[in-house]
Every structure is written in structure tokens, then in C-alpha cells.
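Participant: A single structure is presented below for examination.
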Amino acid sequence: MNVCAFSLALALVGSVSGQYYDYDIPLFMYGQISPNCAPECNCPHSYPTAMYCDDLKLKSVPMVPPGIKYLYLRNNQIDHIDEKAFENVTDLQWLILDHNLLENSKIKGKVFSKLKQLKKLHINYNNLTESVGPLPKSLQDLQLTNNKISKLGSFDGLVNLTFIYLQHNQLKEDAVSASLKGLKSLEYLDLSFNQMSKLPAGLPTSLLTLYLDNNKISNIPDEYFKRFTGLQYLRLSHNELADSGVPGNSFNISSLLELDLSYNKLKSIPTVNENLENYYLEVNELEKFDVKSFCKILGPLSYSKIKHLRLDGNPLTQSSLPPDMYECLRVANEITVN
């Protein structure tokens, strides 16, 4: 076991920088005949069903020929989408519109719901004030980050929607609670960097990953997370959590592998399940280390599975850690203190 001291500026382990830009082309596309291509765009023979129209200062969607399944329109000046923009490409599967000037009022009609094969829709870094729609039932991955969204429309019927990225918007908890209830396939939800003061009610119980960092959340309702029976990754860093707002067993979730409570106002370590592997508590107000927060009892077969534990930026020091901590955290690779 390593007991180390790190600078407070150390980046979080498991940074997700760039995590929502996954544009790899499936291998099965190799060897196909390239379709016709819009003259201003690029349709390489190595990716015959992909059309790249990035960084062209386009102000509207170009002509998209039949056969295109993967359409990239990033870093342009597109400020509207006509209802007939994709009539020739009913087999379109990926539509990437990041870094444009789109507003909701200029996205016409049912332009997206007509795309019955659409799986990925990315409209990050635009000027949206609410979610787009209606959307096709085929959709699996919706990314609307870095907009000005304060309202979510209906997601009814999106039975395949698995990933939703909504970070860096202006969402409050009521807007979220009313919209996501029926998404039974949803596994990944990122609501970080919004304006929530409470945890939203009615989130789908199918979630495996939930990011709520960089909000203004100060209270965890009793047994709020208990219904998420498969939850594995939970981030609540950079909120306003204090001991008074965190019931005793809030995070005692047997499925949880990673919990981030860093940059809050906690004075004691919230109890976690022995299955937790990564626990981030840096920059709180922790005054003591209670072994019972990790191990209810100690024995040959009773110990915590913690691998990484961050405690730096707290009043705790290495000398204040109790000796039985090492027996409880016997498989830890790294414990960071001041």
C-alpha cells in the first residue's frame, strides 16, 4: 500500500476529458463502394458511407446523397435545418452537428424523427435553449452539451436511448424530473455543470453512471440512491454537501464502484459499501477517519475493496489515521493524504 501526499492541483483519477466525442468508424464499412459526395465535403474511400463536412464555414446543411450513414458537420456556421434536409438519407445513423449556431426555432418540423435508423445525435456547443425533438425510437446516444438548455421536452417512446449528455447547460431539477422518467434503457446520464439545488426526482432506475458534479446540491433525500440497483459510477463533487444533508447510508450501495464527493463541506466520511473501489473525498472538512465508514467488522474475509482513496485537502494527516485502517483497506493501492 502506498500512502502518498499529492498537490491539491492534482487532476482527478479517471478524468473524462473528451469522453463524449466518440467518432470511430465501424470496421464493417471498409471495402464498400463510396457513394456520391457533396462537392464541398469529403467522402473517403476508406469510409465509404461517411461524409465529412467539418470546418467549411457552412451556413446550411449541404446536399447529402443517398447511401450516407455517418454525417459530420462540425465547426461550421449552420444556424438552421430545413425539414427536408435529410430526405435523401433515411439510413443515416450518426449525425454530428457540434460547434454550430443552431437555435431551436430554426430546426424545422420532424427533421430528426424521420431518420428511422438514427443512433447518434450530437448537437454540442450550439445555441439551444431546450432539447430537440421529436426524436426517432432508434436513438441510442444524445449529446446536447454546452448549450443554454433550461427546458427538456418529452423523451417518450425512446426505448433505445442509453446515453444522455447534458452537462454545461442551465437545467434545474424540476426540468429534469419531468422528462426522463420513462427511459427504461438509460444507463449513462451526465447533468454536471448545471443549476440544480436538489437531486431530480424520477430518474430512471436503469442508470449505471450518474454525474451530478458542479451543481448546488446540498441535500440527499433518505434512500434516494437505493432504487438504482445497478449504479456503478456516481459523481457529486463541487456541490454544497454537508453532514447534515447526507443521511447515514446514502451511499451504501452494493453495486457502486466509484464515488466522487470531493470539494464539498463534509466533516465525516459517509459510509460506503465494502465493494466500492474508488473513493474521492479531497478538499472537504474531514476531521477524523472512522474505519466503520468502510468496514462494519474486521476479519480475514471482511475488508474493503477500496483501491484508490483521496483524502488530501482535509485536516486529516497521515499520523492521525488509525492503525486498523490498514487492515480494513488491505487491498488499497493508493491512499492520498496531506
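All positions are counted from 1 along the displayed chain.
From the backbone N, Cα and C atoms, a Cβ is placed for every residue, glycine too.
Under the heading pyrrolidone carboxylic acid, Swiss-Prot lists GLN19, citing experimental evidence as support. Marked as sulfotyrosine by Swiss-Prot: TYR20, TYR21, TYR23, TYR30. Marked as phosphoserine by Swiss-Prot: SER304. Feature annotation from Swiss-Prot assigns repeat 'LRR 4' to 138-159. According to Swiss-Prot, the feature repeat 'LRR 6' maps to 185-205. Sequence annotations record features per position, and here Swiss-Prot assigns repeat 'LRR 7' to 206-227.
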Participant: Report the DSSP secondary-structure composition of the repeat 'LRR 6' (185-205) as helix, strand and coil residue counts.
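Facilitator: Grouping H, G, I as helix and E, B as strand yields 0 helix, 3 strand, 18 coil.
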Participant: Within the repeat 'LRR 6' (185-205), what mean pLDDT does the predicted structure show?
Facilitator: 97
Participant: Could you give me three numbers for the repeat 'LRR 7' (206-227), the DSSP helix, strand and coil residue counts?
Facilitator: 4 helix, 3 strand, 15 coil
Participant: Just give the helix, strand and coil counts over the repeat 'LRR 4' (138-159), going by DSSP.
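Facilitator: Counting residues by DSSP class gives 0 helix, 4 strand, 18 coil.
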Participant: Can you name the residues of this chain that are 6 or more positions from SER304 (phosphoserine) yet have a C-beta less than 8 Å from its C-beta?
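Facilitator: Long-range Cβ contacts: GLU274, LEU276, PHE294, CYS295, CYS328, LEU329, ARG330, VAL331, ALA332.
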